[in-house]
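Pulled from TrEMBL, these are the features on record:
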DOMAIN    55-310  domain 'G-protein coupled receptors family 1 profile'
TRANSMEM  42-64  transmembrane segment
TRANSMEM  76-99  transmembrane segment
TRANSMEM  119-136  transmembrane segment
TRANSMEM  157-177  transmembrane segment
TRANSMEM  197-224  transmembrane segment
TRANSMEM  255-274  transmembrane segment
TRANSMEM  294-313  transmembrane segment
Amino acid sequence: MQLDKVNNNSEELLESFQNFNVNITEAPSYDFGPEYHRTVRIYTLSTMFIVSLLGNTMVVKQLLPLTRGRFPKSKILFLNLAAADLFVTFATMLSQLIWELMEQQWIAGDALCKIFKFSQTYSLCSSTYMLVAIALDRFNAIVRPFATSSEPKYYALVTWIVALLPALPCLIVFHVIHLSENVTKCVSKFYTSPQALFWRQTYVMCVFLFAFIFPFLLLLVLYIRIVVEIRVRSSVFTASQQTASSLPRARIKTLRMTSAILLTFIILNIPYVVQECLISFGYSELINKNISALAGVISASNSAFNPYIYLMFQSKKTFIGRCLRGLISVIRSRQWSAASQRKDTSFLSASSKTSSKFDMHALTALPPVKAAKVNSMISGGANADETFV
């Protein structure tokens with residue numbers, strides 16, 4: 001009996017030792033997020049890069065000649081926005097495109113891995129925060145026109161500094177891992193730590209708060225306050241007084257332009273926010289491959305749309321600006337003509353009914369002989385029309 005027990009114990013010990021060796025020699029399996037169509041993402045990034053580079057270069061080229069003389073203060077923040085969007089174009093779009101073409105293999109070492117992710121986050125945050133700086137400048141110009149406020153160049157400087165805060169953790173969070181002898185990845189530590197899900201959720205929520213939620217709330221509050229102020233002034237002043245007094249056309253045009261930029265920012269960032277929340281909280285299987293390929297990079301496309309919105313509202317000299325303004329005017333004219341045709345049709349039908357009622361009442365008030373003549377003229381069709389002409 002004792003010999004059997006010893007044999008059984010030795011067999012269990014040998015089996016556990018073999019399992020331990022297997023666990024050591026097996027490579028750990030990591031979950032790097034949902035699958036996506038790499039081809040779709042590559043074509044999307046290529047298009048975004050070309051469009052963004054072209055648009056932001058034209059904006060910078062249009063604004064920079066003004067520096068030879070007196071540079072308008074209202075243009076400083078837009079020049080910085082174009083610079084931030086160009087930063088996104090190269091640090092995020094181009095670098096991500098190259099990384100996708102390499103099938104996300106990382107060969108540049110641990111230090112450049114950290115700098116790579118830091119630059120992507122810093123560029124995106126600088127572009128987003130510059131929108132907040134522009135909204136704050138518009139708020140001071142419209143709501144507090146007589147109050148002493150900081151110069152736009154100081155807004156821009158503070159924006160570049162504050163945008164560093166959400167990006168600095170990337171220097172600690174990201175690192176290089178070796179999946180095999182020839183496979184190396186640049187990923188966050190939350191994919192490899194024992195408590196990966198909890199820390200990833202915490203990190204993602206912090207990034208969303210500083211990179212999207214807080215800027216979005218600030219933009220929303222500032223623009224609501226601006227709209228309320230414009231409505232109050234519009235109710236006080238007449239149209240002629242308003243044009244000549246407190247609301248110059250240039251400020252209204254700038255407000256419309258920045259509102260369009262804000263709307264674009266919201267629309268393009270919501271898909272990415274929803275996707276990252278689903279991934280962080282364990283619902284990545286709900287994401288379609290095509291949607292994942294687009295949502296993962298579409299938030300950066302905000303930098304590709306910003307320059308064309310600026311050119312559409314501000315520029316009459318560039319070819320693309322004239323084309324965009326012409327396209328908008330054609331769409332508006334078609335909508336106006338269709339609406340006017342519907343209005344004319346309804347007006348004619350209503351007027352014909354009114355005129356027929358009027359004719360009947362008028363006939364009853366006329367003497368019998370005149371009423372008969374008028375009745376024959378009304379019911380005479382084309383001949384009656386020729387008689388009236």
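Note: Cβ is positioned from N, Cα and C throughout, glycine not excepted.
Panel annotation: around the transmembrane segment (119-136), residues 77-78, 80-81, 84-85, 87-88, 91-92, 95-96, 152, 155-156, 158-160, 162-164, 166-167, 170, 207, 210-212, 215, 218-219, 222-223, 258, 261-262, 265, 299-300, 302-303, 306 of the same chain, lying at least six beyond its termini, place a Cβ under 8 Å from a Cβ of the stretch. Comparison of 42-64, 76-99, 294-313 by number of C-beta pairs under 8 angstroms to the transmembrane segment (255-274) places 294-313 first. Long-range neighbours of the transmembrane segment (42-64) within the same chain, counting only residues 6 or more positions beyond its ends whose Cβ lies under 8 Å from a Cβ of the stretch, are 75, 78-79, 82-83, 85-86, 88-89, 93-94, 96-97, 100-101, 293-294, 297-298, 300-301, 303-304, 306-308, 310-311, 315, 317-318, 320.
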